[in-house]
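Colleague: I have a structure I would like to understand better, so I am pasting it below and will then ask my questions one at a time.
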Amino acid sequence: MQLEIIEQSWPIAGVFRISRGSRTETKVIQVKLTHGTAVGRGECVPYARYDETLASVRQQIEDIRPAVEAGLSREQLLQMLPAGAARNAVDCALWDLECKRSDQSIWQLLGVAPKALTTAYTLSLDAPEKMQQKALEHKLRPLFKLKLAGAGDLERVQAVREGAPNARIIIDANEGWTKTIYQQLVPELVKLGVEMIEQPLPQADDHLLAELEHPIALCADESCHDRKDLSKLQGRYEMINIKIDKTGGLTEALALKQAAVESGFGIMVGCMVGTSLAMAPAFVLAQDVKIVDLDGPLLLAKDQSEGFNYTVQSQMQPMTAKLWG
Ligand SMILES: [Mg+2]
């Protein structure tokens, strides 16, 4: 087995802006595993919020190169690397390679019948009128996810609601609120029909959520990486956002999903800003979940060949095996 680590930069269409900052490109690492004529690929997005850089993630993968090239299993990989981007790229490449070598699709391997999915469409943090304009440009999309930050958020949601009276709206504060902002905003957001709030408070303040009213479902993102986080989210969140870059691959993500459902959490499947190669394993995970948020490629100026074709109504058909799986 041969392991290749490929760094890539993909331009974002315009600017991607959240409470923590803005970006005009996304930097990813693609892992390619070659065994005979079979090639398996996986992509990850190193994420600064979780103390990851391209260099640190590359080093983590380099460190396990001998084991990977000797043919380690996905189960062994779980013991060798922690949850995070590096393990994700290797795990997804191992799944893809397993499909290619056995001449089976990921759906055949897992015994799942694939269905088309409708993804949320992200509106970057911006002035209220700019966010409304974006919503108008995308008026056929049924579900918007608004990136928020604290000050001015009510005006942002009001503006988008005015521009898209029939759309479903979810919001993501990316840890940008305080308890006071939460208490002021939430009753107003109920009136505006907001369906879900992702990560309102910093992860360190999660305990405060247990004392607050939850008329709108709260979804843990920065606070939920893998199965070991689940118990401390009880009573604080109603949903969790599973991303393969946080779980460290599809293997742990599938296990987290099952454990979370058994514990009564609603499931959202999200993504970092990555290409269709990173969306494909998440598309498998996102079958039958409440909220699908896999619009990474829609935010890019350019995507993989063989990438997902998103309709103007945000529908995604199952990927081809040429892309992944
Ligand atoms: Mg989020």
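Heads up, the Cβ atoms here are built off N, Cα and C, so glycines get one too.
The following feature annotations were taken from TrEMBL:
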ACT_SITE  K147  active site, proton acceptor
ACT_SITE  K243  active site, proton acceptor
BINDING   D172, E198, D221  Mg(2+) binding site
DOMAIN    128-219  domain 'Mandelate racemase/muconate lactonizing enzyme C-terminal'
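Context for these features, please: burial, neighbours, distances.
Modeller: All chains included, 22 other C-beta atoms sit within 10 angstroms of the C-beta of K147 (active site, proton acceptor).
Under the three-state DSSP scheme, K243 (active site, proton acceptor) falls in the coil class.
Taking a C-beta cut-off of under 8 Å and a sequence gap of six or more, D221 (Mg(2+) binding site) has these contacts in its own chain: D172, N174, E198, Q199, I240, N241, K243, G270. In the three-state DSSP scheme, D221 (Mg(2+) binding site) falls into the coil class.
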Colleague: For the recorded positions D172, E198, D221, K243, which sit with their CB under 6 angstroms from an atom of ligand 1?
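Modeller: So the answer is D172, E198, D221.
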Colleague: Around D172 (Mg(2+) binding site), how many other C-beta atoms are within 10 angstroms of its C-beta?
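Modeller: Around the Cβ of D172 (Mg(2+) binding site), 27 other Cβ atoms lie within 10 Å.
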Colleague: Check the domain 'Mandelate racemase/muconate lactonizing enzyme C-terminal' (128-219) for me and report the mean pLDDT.
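Modeller: Taking every residue in the domain 'Mandelate racemase/muconate lactonizing enzyme C-terminal' (128-219) and averaging pLDDT yields 98.
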